[in-house]
Protein chains: 2
Amino acid sequence: MAVGWFYLSFYSLWFLGLMCIILTIYWVQLWHGGFAWDGTLLMFNYHPVFMVVGSVVLYTSLLYRLPQSWVGPKLPWKIGHAMLHLLAFILTVLGLVAVFQLHRRSRITNLYSLHSWLGIVTVFLFACQWFLGFVVFLLPWMSVWLRSLLKPIHVFFGVVILSLSIASVISGINEKLFFSLNNATQPYSNLPSEAIFANSLGMLVVVFGLLVLYILLVSSWKRPEPGILTEGQPLLRDGE
Amino acid sequence: MAVGWFYLSFYSLWFLGLMCIILTIYWVQLWHGGFAWDGTLLMFNYHPVFMVVGSVVLYTSLLYRLPQSWVGPKLPWKIGHAMLHLLAFILTVLGLVAVFQLHRRSRITNLYSLHSWLGIVTVFLFACQWFLGFVVFLLPWMSVWLRSLLKPIHVFFGVVILSLSIASVISGINEKLFFSLNNATQPYSNLPSEAIFANSLGMLVVVFGLLVLYILLVSSWKRPEPGILTEGQPLLRDGE
């Protein structure tokens with residue numbers, strides 16, 4: 001498939017991701033009073049922002065889909081991939097801290113809703129994925145055999161974790177709106193402006209996820225395996 | 001990959017699917033009074049059951065992964081695929097009717113939550129997918145060119161619709177539990193038995209979805225394209 005179409009999809013993805021982040025910040029800034037690292041509801045506001053930035057947008061850097069990463073030494077790209085995901089993971093953990101701190105201060109039970117169960121399982125898988133990926137693919141003494149054994153599992157769980165993150169974000173926005181739009185004058189069911197805004201944000205996160213799935217599935221955009229001449233290479237050749 | 005492993009995954013999927021259905025029925029039967037087609041909350045109880053049966057389990061019949069479908073005439077398998085999805089779609093629509101009837105009778109606004117926005121978009125995509133699939137792949141006068149153009153799109157949206165269905169189910173269970181476990185003695189945050197049961201059901205639906213993703217991604221379990229000898233065929237040959 002043409003190089004132009006790849007870059008259009010790739011930059012659309014980053015544009016969509018940026019929009020998701022901006023709209024999440026705008027949502028909590030405009031309707032929930034902004035941010036403060038103080039254990040109150042203002043601290044909770046970091047939760048949706050860090051989760052969207054960390055576990056969805058930064059998580060989906062798709063570095064290896066860039067044809068530039070297919071030539072020359074692989075190590076710098078591997079380090080970039082690991083560093084971006086480490087940053088995404090740190091932000092995700094900060095997102096967890098934001099909600100746990102609010103719960104601690106307000107004596108709210110941790111991890112009772114399905115949203116939180118799904119979310120915490122996703123973060124746990126993310127931690128395992130990063131740690132195993134670091135040990136197996138970055139530490140120099142690992143065997144090629146072990147790397148090629150883990151690679152399809154690493155790729156599979158890469159998609160799994162993103163899917164679970166997006167399902168967590170959707171259930172999280174839904175849950176938050178039922179919490180915050182629960183007064184008689186402005187119930188969620190009247191679709192006040194916040195409801196329309198945050199529902200649209202949720203749908204945008206879904207569109208982002210579907211675009212990721214599309215980019216991942218186009219076989220000619222995949223990094224060709226070393227030594228294998230496949231249909232996967234026209235993109236690189238077109239681009240040269 | 002070995003035939004035995006394929007059948008183990010395939011039957012595990014059906015077992016998991018069956019468990020999801022049984023646990024959904026058990027949930028609404030035990031904690032929400034069972035079923036009645038009368039516009040009350042008992043009618044609403046059909047909603048989660050029909051959605052899990054129709055848009056998740058029956059939807060994921062994966063007929064074309066069965067090696068038996070790769071040999072002999074394709075038409076009976078295409079008709080089977082279309083019929084199973086038509087049945088899944090009808091159940092999904094009945095699931096919608098169940099909730100719209102409750103809303104009409106109880107004067108509750110339709111389609112305000114993010115769960116409902118995502119759900120209705122999913123059902124709309126399902127309708128388009130079935131209709132286009134029927135017209136292009138089953139009506140005899142469609143050109144081979146058009147069929148091969150639509151096929152990757154049909155496969156892509158097949159996965160998309162299942163992913164959106166599962167995200168809808170997760171946000172739906174979460175929403176339902178916030179509605180029903182909202183009294184002071186048994187709040188959701190105390191994790192009463194219903195909360196643990198329905199959260200676990202949600203996690204089981206997620207595991208079902210991940211197993212589908214796994215089965216779909218194993219390249220040697222894909223139906224080989226006619227005339228193309230690929231790695232995709234050992235399964236059939238092993239099984240003969």
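Quick reminder: no glycine exception, Cβ is built from N, Cα and C everywhere.
Some features that TrEMBL has for this protein:
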- A:6-28: transmembrane segment (TRANSMEM)
- A:40-62: transmembrane segment (TRANSMEM)
- A:46-173: domain 'Cytochrome b561' (DOMAIN)
- A:82-102: transmembrane segment (TRANSMEM)
- A:114-141: transmembrane segment (TRANSMEM)
- A:153-174: transmembrane segment (TRANSMEM)
- A:195-217: transmembrane segment (TRANSMEM)
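Proximity of distant same-chain residues to the transmembrane segment (A:114-141), defined by a Cβ-Cβ separation under 8 Å and at least 6 residues beyond the stretch ends, is recorded for 51, 55, 59, 78-79, 82, 85-86, 89, 92-93, 96, 147, 150-151, 154, 157-158, 160-161, 164-165, 167-168, 171-172, 174-175.
Confidence across the domain 'Cytochrome b561' (A:46-173), taken as the mean pLDDT and rounded to a whole number, stands at 96. Proximity of distant same-chain residues to the transmembrane segment (A:6-28), defined by a Cβ-Cβ separation under 8 Å and at least 6 residues beyond the stretch ends, is recorded for 34-35, 45, 48-49, 52-53, 56-57, 60, 62, 65-67, 194, 197-198, 200-201, 204-205, 207-208, 211-212, 214-215, 218, 221, 235. Long-range neighbours of the transmembrane segment (A:153-174) within the same chain, counting only residues 6 or more positions beyond its ends whose Cβ lies under 8 Å from a Cβ of the stretch, are 47-48, 51-52, 55-56, 59-60, 113-115, 118-119, 121-122, 125-126, 129, 132-133, 136-137, 198-199, 201-202, 205-206, 208-209, 212-213, 216. DSSP states for the domain 'Cytochrome b561' (A:46-173), grouped as helix (H, G, I), strand (E, B) and coil, give 109 helix, 0 strand, 19 coil. Sequence-distant contacts of the transmembrane segment (A:195-217) (same chain, six or more residues past either end, CB-CB distance under 8 Å): 6, 9-10, 12-13, 16-17, 19-20, 23-24, 26-27, 31, 52, 56-57, 60, 62, 65, 159, 162-163, 166, 169-170, 173-174, 176-177, 181, 188.
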